[in-house]
Amino acid sequence: MHARQKQLAIGTAWLLAAGLASPAFAQPPEPTDLIDQQHCMFCHTIDAPFLAPSFRQIADRYREKPNASEMLEQKLRLGGKAHWGDMPMPLPADRGGPLSPEDAHTLIDWVLTQ
Ligand code: HEC
């Protein structure tokens, strides 16, 4: 490789690395109002399993799975069978009120980046 080409390659790699490391791209902001309204933190924490799996465990389990977010959004709104133990998550009505598809999407996007 010529020196000039090499310099270009290094420059590109550095830009890519900087882009990936930047939280502005990698992580959506925490949807605090929704989390409060739906009492997510009543049962979940970010990193310690409590009454429910931690959001980090959930993110680790589903991050690489195709279509996982659609499945989780559905489940958050309509319920479904338990994936972690015997206790299913309560429905939105029992958590603080109805949850729109957009809000479910926002929440799952955020959970999966923890
Ligand atoms: C009353 C307790 C409780 C509340 C409130 C709660 N969860 Fe859960 N959540 C659970 C339990 C228990 C599980 C494990 C269910 C299972 O085994 O699939 C769970 C599982 C999950 C999962 C993984 C589902 C799966 O199929 O693997 C996600 C994602 C999740 N919760 C997100 C949320 C979000 C976002 C909120 C707030 C909108 C929330 N939870 C509020 C108890 C709760």
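Every residue, even glycine, has its Cβ placed from backbone N, Cα and C.
Here His44 (heme c binding site) comes close to Phe50, Leu51, Ala52, Pro53, Ser54, Phe55: these same-chain residues lie at least six apart in sequence, with C-beta atoms under 8 angstroms from its C-beta. Among the features that TrEMBL reports, heme c binding site is placed at Cys40, His44, Met89.
Residues or ranges marked as domain 'Cytochrome c' in TrEMBL: 16-114.
The signal peptide annotation in TrEMBL covers 1-26.
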Row Met89 (heme c binding site), column other C-beta within 10 angstroms, all chains, value 18
For the recorded heme c site formed by Cys40, His44, Met89, name the remaining residues of the chain with Cβ within 8 Å of the site's Cβ center, in chain order. Gln38, His39, Met41, Phe42, Cys43, Ala52, Phe55, Arg95
Taking the residues the record says bind heme c (Cys40, His44, Met89), how far apart in Å are the two Cα atoms that sit farthest from each other? 11
Counting by DSSP secondary structure, give me helix, strand and coil numbers for the domain 'Cytochrome c' (16-114). 54 helix, 0 strand, 45 coil
